[in-house]
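Over in TrEMBL, the protein carries these features:
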| type | residues | note |
| --- | --- | --- |
| TRANSMEM | A:21-40 | transmembrane segment |
| TRANSMEM | A:52-77 | transmembrane segment |
| TRANSMEM | A:98-124 | transmembrane segment |
| TRANSMEM | A:136-156 | transmembrane segment |
| TRANSMEM | A:168-191 | transmembrane segment |
| TRANSMEM | A:226-243 | transmembrane segment |
């Protein structure tokens with residue numbers, strides 16, 4: 001499987017996926033840092049990690065679904081464009097294996113993107129002289145939550161990108177996901193869990209609430225987060241299985 | 001000779017209509033088998049079923065003496081193919097495309113150089129495939145098919161969209177493969193002229209049904225010449241020849257007879273003159289393979 005994932009990465013040469021990811025992360029983090037800098041300028045006592053993490057998780061709701069859609073689309077549409085399905089299948093490559101390799105490759109790219117995100121957050125904290133030490137646990141939980149949401153979103157995007165030649169549908173779904181991810185906190189709590197994009201901000205390790213006119217940032221209890229991650233991974237697995245089953249049965 | 005590919009009652013149905021119906025195809029070792037038929041006849045569907053890319057509705061496929069359904073991986077590891085149009089990653093160079101196939105096929109890197117050399121693409125190997133001409137893409141497709149030194153090469157219309165020079169180049173390449181690399185080639189086309197110059201055996205398919213299968217020479221032998229005789233009194237000449245046990249057909253002012261030897265033609269000429277019927281013309285009409293093919297696949301039909 002590692003060989004198959006490596007081959008998928010090899011096939012991504014000159015697809016500018018790395019550059020696209022860095023650009024998206026750059027825009028998102030630029031936005032997050034600008035907002036945080038303005039907030040710190042107004043309230044110097046809020047110069048801490050929690051607001052930055054909450055802001056990043058919230059912006060992930062907007063950017064991450066689009067980023068996932070772009071990455072999945074880039075890796076899947078090269079098979080449609082070059083008419084390579086027949087080539088691969090006539091070489092006895094199992095479609096299930098190819099499906100898994102593409103999934104693994106996108107997951108790896110987005111994991112690296114999450115790591116870059118965490119690293120630049122640490123850099124921002126250091127530059128702005130946050131007094132507390134780097135909250136490894138909170139940043140690790142942010143990374144885990146984002147990745148759990150990514151795994152489910154990749155599964156859905158891959159199903160669409162593999163099944164349909166026209167990638168416009170997949171990219172539209174990504175944008176719709178971005179809108180839902182951004183607005184999810186405004187949805188009633190009963191329907192919010194139905195949208196996989198809502199988990200980007202839903203799994204944020206830091207919650208924000210208003211106490212009077214003051215915005216407060218509170219670290220969430222890990223115990224409430226774990227069942228949500230479990231549920232999300234289960235949904236992702238179901239979507240992945242359904243997509244793989246469907247795509248494997250399509251005739252070329 | 002050993003059968004490399006054989007199908008038995010192979011059929012593919014989409015909805016209520018058959019795209020391929022009851023095909024018994026036989027390709028023997030070392031031959032170039034031309035699979036001929038008009039567009040939409042069912043050639044690509046048949047080849048896809050032979051490669052396991054499409055599931056047959058009925059029938060079975062045997063390759064290298066093994067049933068495809070049970071030994072697909074083993075069979076495909078010894079088969080190279082180019083189906084419909086060349087498959088490639090346009091953003092990668094020719095060499096990188098070959099490396100992808102090399103890793104999937106798990107063959108040594110030296111095969112890449114060799115295959116590119118066979119199709120004469122070494123000079124353009126570092127160019128992005130999206131910048132290749134169609135002919136170069138076809139050659140790259142053939143190089144990919146040749147990479148694992150397969151025993152069987154399946155090529156579906158490999159000269160589609162090529163200019164005459166490109167067609168000639170691909171033709172010469174394919175013709176050389178059985179002798180040079182000991183391969184069996186199954187090639188499809190809708191152009192009789194192309195198959196005529198390459199193939200040793202031929203199968204003609206039309207509307208999903210196999211109309212002819214056998215050596216090309218046998219097909220040529222089926223194109224018997226006819227003798228057309230024009231006389232001053234055709235009805236009388238017709239009666240005279242019929243009385244002698246011949247079966248002339250009066251058509252377009254000519255009496256047409258088939259299966260005649262030179263001696264028989266000379267005798268008929270003498271007898272017509274003896275009966276005071278002037279012989280105005282004696283013309284031999286030989287059916288070309290093209291007209292035979294048209295006859296088999298439906299006259300006046302565009303291929």
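Glycine residues also receive a Cβ, built from the backbone N, Cα and C atoms like all the rest.
What you see is a predicted model, and the numbers here were worked out from it, not measured in a lab.
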Notebook entry, point to check: Out of A:21-40, A:52-77, A:98-124, A:136-156, A:168-191, which stretch touches the transmembrane segment (A:226-243) the most, going by CB pairs under 8 Å?
Noted result: A:136-156
Note to self: With CB pairs under 8 Å as the measure, which of the listed stretches A:21-40, A:52-77, A:98-124, A:136-156 comes out on top against the transmembrane segment (A:168-191)?
What the structure shows: A:52-77
Next item on the list: For the transmembrane segment (A:136-156), could you work out the same-chain residues 6 or more beyond its ends whose Cβ comes under 8 Å from its Cβ atoms?
Entry: 49-50, 53, 56-57, 60, 64-65, 68-69, 71-72, 103, 106-107, 110-111, 114-115, 117-118, 121-122, 173, 177, 196-197, 199-200, 203-206, 219, 222, 225, 229, 232-233, 235-237, 239-240, 243
